[in-house]
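**Student:** One structure, pasted below without further comment.
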């Protein structure tokens with residue numbers, strides 16, 4: 001009865017991090033630097049891959065798409081967060097919140113599947129090198145990338161549909177620095193059954209399936225590497241996977257900590273910084289990992305610098 005007479009929220013307030021002006025300036029400068037590194041790193045990786053013929057291979061084709069996804073996902077969150085640091089009113093419209101949920105959830109699952117595709121690529125390269133050119137043909141690689149984006153699109157649309165069924169007639173304060181579907185579900189005053197079903201189904205169907213591909217691929221890769229007799233052969237085979245394995249560990253480690261950790265196990269500040277690591281820091285780290293640990297990327301950058 002009360003729900004039908006309530007006024008639907010048209011704007012949400014974001015709590016941010018702190019009200020202390022000095023701390024806000026410090027955080028603004030820190031996140032601005034992080035965002036600039038993220039933009040330069042991922043954009044630089046995309047341009048380097050496109051401009052270096054020696055990087056025109058399936059692994060770097062997938063890496064270029066991963067850099068694009070990281071670039072977009074960071075841009076969905078960080079600019080708005082930076083504006084809120086220097087604004088008295090930390091608000092976001094309902095339409096803006098819907099857009100943030102849609103794009104962020106689209107890109108999040110897309111990244112999961114791109115990482116799974118990259119793990120499969122490394123599996124074929126290490127375990128079945130003779131058929132690698134056939135299995136990872138340009139057409140097949142394109143289909144795998146498009147499939148990753150389509151799965152992400154499905155997740156984004158599902159979460160947006162779930163959000164559209166929610167009513168926000170009570171508090172409009174989101175205890176976070178961006179619109180996350182979990183926070184919105186807990187804020188809703190209506191029946192959240194559909195939203196919970198969509199959230200859990202997508203997490204189980206998309207998140208678990210992509211992580212299983214990564215896990216199975218690396219079990220097979222490690223098994224194949226251990227069967228190599230020479231130490232040099234083992235190092236060479238493992239070196240092709242270290243950058244991706246590091247990226248996977250950071251991404252899945254941060255996401256699992258963010259979404260599966262019981263809320264009673266830590267304070268609000270710890271939860272908030274876990275979300276920051278997942279949404280802001282991880283997109284910055286990926287290009288740094290590949291540029292610092294990958295010899296081919298460093299060699300391509302050296303050649304491109306010499307040409308110029």
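In case you wondered, yes, glycine gets a Cβ from its N, Cα and C as well.
The transmembrane segment annotation in TrEMBL covers 27-48, 60-78, 98-120, 166-185, 205-226, 238-260, 272-292. Here TrEMBL flags 41-290 as domain 'G-protein coupled receptors family 1 profile'.
Help me understand the surroundings of these features in the structure.
**Tutor:** Cβ atoms under 8 Å from those of the transmembrane segment (27-48) belong to residues 17-18, 55, 63-64, 67-68, 70-71, 74-75, 78-79, 81-82, 85-86, 280-281, 283-284, 286-288, 290-291, 297, 300-301, 304 of the same chain, restricted to positions at least 6 beyond its ends.
Long-range contacts of the transmembrane segment (98-120) within the same chain, counting only residues at least 6 positions beyond its ends with a Cβ under 8 Å from a Cβ of the stretch, are 59, 62-63, 65-66, 69-70, 72-73, 76-77, 80, 92, 144-145, 147-149, 151-157, 159-160, 163-164, 178-181, 184, 202, 206-207, 209-211, 213-214, 217-218, 244, 247-248, 251-252, 255, 279.
With a threshold of 8 Å between CB atoms, the same-chain residues lying at least 6 positions outside the transmembrane segment (272-292) that come near it are 17, 31, 34-35, 37-38, 41-42, 44-45, 63, 66-67, 70-71, 73-74, 77-78, 81, 104, 176-178, 180, 243, 246-247, 250-251, 254-255, 257-258, 261, 266, 298, 301.
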**Student:** When the pLDDT values for the domain 'G-protein coupled receptors family 1 profile' (41-290) are averaged, what is the result?
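**Tutor:** Mean model confidence (pLDDT) across the domain 'G-protein coupled receptors family 1 profile' (41-290) is 85.
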